[in-house]
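Swiss-Prot annotations:
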- 12-210: domain 'Glutamine amidotransferase type-1' (DOMAIN)
- Cys88: active site, nucleophile (ACT_SITE)
- His184: active site (ACT_SITE)
- Glu186: active site (ACT_SITE)
- 211-419: domain 'GMPS ATP-PPase' (DOMAIN)
- Ser239, Gly240, Gly241, Val242, Asp243, Ser244, Thr245: ATP binding site (BINDING)
- Arg312, Asp481, Lys536, Glu542: XMP binding site (BINDING)
Amino acid sequence: MATEEIHSLYDTILILDFGSQYSHLITRRCRELNVYCEMLPCTQKISELSWKPKGIILSGSPYSVYAPDAPHVDPDVFTLGVPILGICYGLQEIARVHGGTVDAHTHREYGYAKIEVVKTGKKDQDALFEGIEMEADGGLQVWMSHGDQLTSLPPNFVTIASTPTSPFTSVAHESKPIYGVQFHPEVSHSPRGKEVIAAFVKNVCGVRDGWSMESFIPKEIARIRQICGEKGQVIGAVSGGVDSTVAAKLMHEAIGDRFHAIMVDNGVLRKDEAKKVHKMLTVDLGVNLTVIDASELFLARLKGVEDPERKRKIIGNTFIEVFEAEAAKLEAAAEKELAEKGGEAKGKIEWLLQGTLYPDVIESISFKGPSATIKTHHNVGGLLEDMKLKLIEPLRELFKDEVRALGRLLNIPEHLVGRHPFPGPGLAIRILGEVTREQIAILQHADDIYIEEIRAAGLYDQISQAFVALLPVKAVGVAGDARTYDQVVAVRAVSTEDFMTADWFVFPPQVLKRISSRITNEVKGVNRVVYDITSKPPGTVEWL
């Protein structure tokens, strides 16, 4: 959904990100409250926004607010006339702007803390904790993660919560809807934190809680129909993953047979993927699907390339080229139909569907100060600048769990909705080194065994994503009486709510043992299996 359109349909909370590892959780908590919100870098100029938020939340940050390179908010934030909530660093930024003092404290607070809410007796000042049930001792358990803290109140601010070591844990302006909390209400370790956020967005900001997948479907279908008109045609990039499948189903619901689902076999798909996807989309969903075998073209362009960013760019650019060529064929067919049927004919092919999600957008933002781009996502930063087709991305504002919920509402079978994600660049970013047919075959076989064993153990639906990575190293092994010198694969499985953070999955030892045994015995060229136990952060889900 386009930015201007979505803000005309939903009240929006703006989250300004200062580089905190928890920033995305603020977004998640708002969405869980059926409140639409959007995260932008802290460097965002308010004057450049084409819409006005109902409220603004300033995130935490790894920086000290007085450090020479510390990020700072646009001063216009405080003249916009909307409620503001500062979290951790956000509180300190509010204090800095309004004349308070922030210092490094001798007692750093990391972990659980108990705050005492201070009632001022004034409704607006007490609004942040209004109606929240305190614990038996009268306090409220929260999660702290800060070294600096507010040591003197800015003029016209009052204390609304404190701890023994932090007298200004939460503050409020005397007459304006500006609040700050030193703790992190967005994390699960603050049990009542979601209620604090709810008090701000609903009670203080007055946001209408209309954001839900039930409301999203008719509005997005109406938007798609308006964009495409009565005759416009769309080609859809589908891979068989949940994102593109849900996007394709939504598009098919909106414009019917004017939507053309196209799958590009780029040579770096999972084993027998093209056949499986064709069956799933045509039999289960009734979508008209064309499969284009462009594997020779992709592999020729990937020859000799090891750098993951170059792989992404090559695959993204080649992907668009193939789609444009197919669009030209469809356009020629449309022109022929127009000549034969006149006004009964369909319109031009103008749009390219992609299943871009909100985490893709977040991770592809390059902040000028506190953060750096993690990687260029295939769906966001790897497209041709001179692309002739226009992108249509109906899922761009959604998190993965929202997409799955949307799929279920669209009556997509559970075995499709629950499928693990697969990256746009495919196995090319799971092969750490040059992509060759031999390496692809090894990885396809190992990955197929891995997923088969996970399903057999009844663990597939407990895992958010699982895959095998082929490493660019060899190890000595023994097969019978012979010495081997073959490749190493890493198996990875993670659990996550939204793919912004993830924990490695704890397998029963016997399952890992069987996975390792089967791969080393059945996959020629592999003699060692390792298990990746890295969480996100510090790692990413994919290796490249």
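Positions of Cβ are set from backbone N, Cα and C atoms, glycine also.
The least crowded of the recorded positions Glu186, Glu542, judged by other CB atoms within 10 A of its own CB, is Glu542. Taking the mean position of the Cβ atoms of Ser239, Gly240, Gly241, Val242, Asp243, Ser244, Thr245 as the ATP site, the remaining residues of that chain whose Cβ falls within 8 Å of it are Val238, Val246, Ala247, Ala248, Gly355, Arg419, Pro421, Phe422. It is 30 Å from the Cα atom of Glu186 (active site) to that of Gly241 (ATP binding site). The recorded positions recorded for this entry are Cys88, His184, Arg312, Lys536, and the Cα of Arg312 lies nearest to that of Ser239 (ATP binding site).
When other Cβ atoms within 10 Å of the Cβ of Cys88 (active site, nucleophile) are tallied across all protein chains shown, the result is 26. Taking Arg312, Asp481, Lys536 as the binding-site residues under consideration, the smallest Cα distance to the residue listed as 'active site, nucleophile' is found for Lys536.
Over the domain 'Glutamine amidotransferase type-1' (12-210), the average per-residue pLDDT in this prediction is 91. With respect to their backbone Cα atoms, Ser244 (ATP binding site) and His184 (active site) stand 34 Å from each other.
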